[in-house]
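Student: Following this message is one structure expressed as structure tokens.
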């Protein structure tokens, strides 16, 4: 930051936190300045003592105004010694100038004084020249002059001080043993007991070790007595690690301690060593079992009903239009030039067969002849082209992509429902976030959590994770901790994005001289990638018994091979269709048998067995026709739907049944 009049500001709160403040000062600390300020103090009727460095009249604009008035008075006094001045009022509305104005301006250009802002000298154009501006930096001992800028020099800012921030490291940290309070929470801080005794390990241990190596100090880790991070109660009293810092029991606190506004009122924080936010930990939803008729999923039930209605409607209209159009009635026997009757190929059954064949993209022997029926057919073909293409495009996604049936996808989903309870760690920053939030969704979530019985809050993160594993519970916690837990619990997952943005920092007592050095060390570790290496080590490598397989099913672009559960419905439709065809052929046989005269009819069972035996033997594609009389001529085939029909053995051709087209 750059400040003007930085010398008039109380910077005690910024001296030890590493804030980079640079100020420029033109006010000169000369004996004349001290004398004038002392005179002002005597005449400043406020009834209270004022510090000359913080008094309002010591600011730059006040000093410049004082020097301007002094310069004007000196020039006016010099002018009056040479001639008698006549002071008359002059109106600003006219262009008439004071007769002594140009002369007074010349005298002002010749004035040389040493005022509050240093040496006052003007050039021929009346511009001030040969003045100096001091450059000051804020250090742990206060404002220190580090350079100056001279108007007459073209070399820029000239360094005048020998101050360096690095020697401050040895000022209060070198070879000193600091007491560090912490709280156990994997992977930040963990206690290990072995043959050598009790020791601590984790991300925070490696972090403080790296900082200690850089700043050359020793440290001693102690666990917080009450096992709490730090929360202010209704009486304004703090507990946990914050309390121990306030009471002087520890020099700093390092853990997954969130930097918050309320905590910064009680202690100081270094720059964040890890950035994060609140997210939701939830049990991973089970894979949705494919439905037997999942091949129907690409289109909704309404669309299927509309398509069935369109099929029946188009078939009916095509049937009526074909019967109405004269061009669809043709001569069944082209050799007969004067036929007694005309034939129409679009019977009701043939029309249904034509439309279903078009819908299935299959051909048939029936083709429209009239322009009217062709127009209906073309529009039906266009309709089926679009519908079949859309169905095919969606079918691949519905059959090959496994979907997860998750009841919640975000914090909004949690707030809208009441069947799944959710909570967080009691006396933590996450609880404070929801308690103090003014956002409607988060306020509603806090009201829900506060009113739930049994209690949805937990003593620590581990207990919250255990509740999530049991199912039907969502746990709100820091995203970085969720990442660690998900890596080691393959049945858990993070739901939604971040609800806020915050960071973990090292806490120190107010005014601690160590915070600046800690922040500098953290910044150095961040720039050289050490922080990323530590996180990758403790999140993905250390204490990792098994690595969870990457779940690709949540991606809409991932595909898996199809199983019977995906396409079983298609097989079922095929089996039902074949079975239905077998039933229909039996009904056809019975129906045809009923048409045979009783004197020529043999038993239905004997006829059925003979026909079934003939069909199973697969002896050929032709079969003999039984004569109506012994030694008589064989019956000739008759036309059925315009095609030759050969009666079954034992059936007479004397009584042919009427075809579908009759």
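The backbone N, Cα and C atoms fix where each Cβ goes, glycine too.
Among the features that TrEMBL reports, L-glutamate binding site is placed at 258, 263, 429, 430, 478. What TrEMBL lists as compositional bias 'Low complexity' is 644-662. Look at TrEMBL and you will find 490-548 tagged as disulfide bond. The domain 'Ionotropic glutamate receptor C-terminal' annotation in TrEMBL covers 177-541. Per TrEMBL, domain 'Ionotropic glutamate receptor L-glutamate and glycine-binding' is recorded for 187-247. If you look up TrEMBL, you'll see 626-662 marked as region 'Disordered'. Look at TrEMBL and you will find 408 tagged as site 'Crucial to convey clamshell closure to channel opening'. What TrEMBL lists as site 'Interaction with the cone snail toxin Con-ikot-ikot' is 435, 524. The transmembrane segment annotation in TrEMBL covers 303-326, 378-399, 567-591.
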Student: By Cβ count within 10 Å, point out the most packed of the recorded positions listed: 263, 435, 524.
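Tutor: That would be 263, with the most Cβ atoms nearby.
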Student: What is the Cβ neighbour count of residue 490 (disulfide bond) at a 10 Å cut-off, with all protein chains included?
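Tutor: Summing over all protein chains shown, residue 490 (disulfide bond) has 13 other Cβ atoms within 10 Å.
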Student: Which residues of the chain, 6 or more past the ends of the transmembrane segment (567-591), have a CB below 8 A from one of its CBs?
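Tutor: 291-296, 399, 604, 607-608, 611.
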Student: Take the transmembrane segment (378-399) and find every residue of the same chain, 6 or more past its ends, with a Cβ under 8 Å from one of its Cβ atoms.
Tutor: 294-295, 297-299, 307, 310, 314, 318, 355, 358-359, 361, 556, 562, 566-567
Student: Please spell out the DSSP helix, strand and coil residue counts for the domain 'Ionotropic glutamate receptor L-glutamate and glycine-binding' (187-247).
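Tutor: Split by secondary structure, the domain 'Ionotropic glutamate receptor L-glutamate and glycine-binding' (187-247) comes out as 20 helix, 19 strand, 22 coil.
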Student: Largest pairwise Cα distance, Å, within the listed L-glutamate binders 258, 263, 429, 430, 478?
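Tutor: Answer in Å: the longest Cα-Cα distance is 17.
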Student: Starting from the L-glutamate site formed by 258, 263, 429, 430, 478, give every other residue of that chain whose CB sits within 8 Å of the mean position of their CB atoms, in sequence order.
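Tutor: Output for this site, in sequence order: 229, 257, 259, 260, 428, 432, 433, 502.
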Student: Where the distance is taken from Cα to Cα, which of the recorded positions 408, 435, 490, 524, 548 turns out closest to residue 263 (L-glutamate binding site)?
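Tutor: The smallest Cα gap between residue 263 (L-glutamate binding site) and any of the recorded positions is with 435.
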Student: Looking at the binding-site residues 258, 429, 430, 478, whose Cα is closest in space to that of residue 490 (disulfide bond)?
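Tutor: Result: the closest of the binding-site residues to residue 490 (disulfide bond) is 478.
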Student: Specify the count of other C-beta atoms within 10 Å of the C-beta of residue 429 (L-glutamate binding site).
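Tutor: Total other Cβ atoms inside 10 Å, all chains included: 23.
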Student: State which of the following recorded positions has the fewest other Cβ atoms within 10 Å around its Cβ: 408, 548.
Tutor: 548
Student: In whole Å, how far does the CA atom of residue 524 (site 'Interaction with the cone snail toxin Con-ikot-ikot') lie from that of residue 429 (L-glutamate binding site)?
Tutor: 27
Student: Enumerate same-chain residues with a sequence separation of six or more from residue 258 (L-glutamate binding site) and a Cβ-Cβ distance below 8 A; give 'none' if the list is empty.
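Tutor: Residues satisfying the criterion: 229, 428, 429, 478, 502, 503, 504.
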Student: By CA-CA distance, flag whichever of 430, 435, 548 among the recorded positions is nearest to residue 408 (site 'Crucial to convey clamshell closure to channel opening').
Tutor: 430
Student: State the Cα to Cα distance, in Å, between residue 435 (site 'Interaction with the cone snail toxin Con-ikot-ikot') and residue 548 (disulfide bond), rounded to an integer.
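Tutor: Distance between the two Cα atoms comes out at 35 Å.
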Student: Which residues of the same chain, at least 6 positions away in sequence, have a Cβ lying under 8 Å from the Cβ of residue 430 (L-glutamate binding site)?
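Tutor: The list for residue 430 (L-glutamate binding site) reads 278, 424, 476, 477, 478, given in order along the sequence.
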Student: Near the Cβ of residue 478 (L-glutamate binding site), how many other Cβ atoms are there if near means within 10 Å?
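Tutor: By my count, 25.
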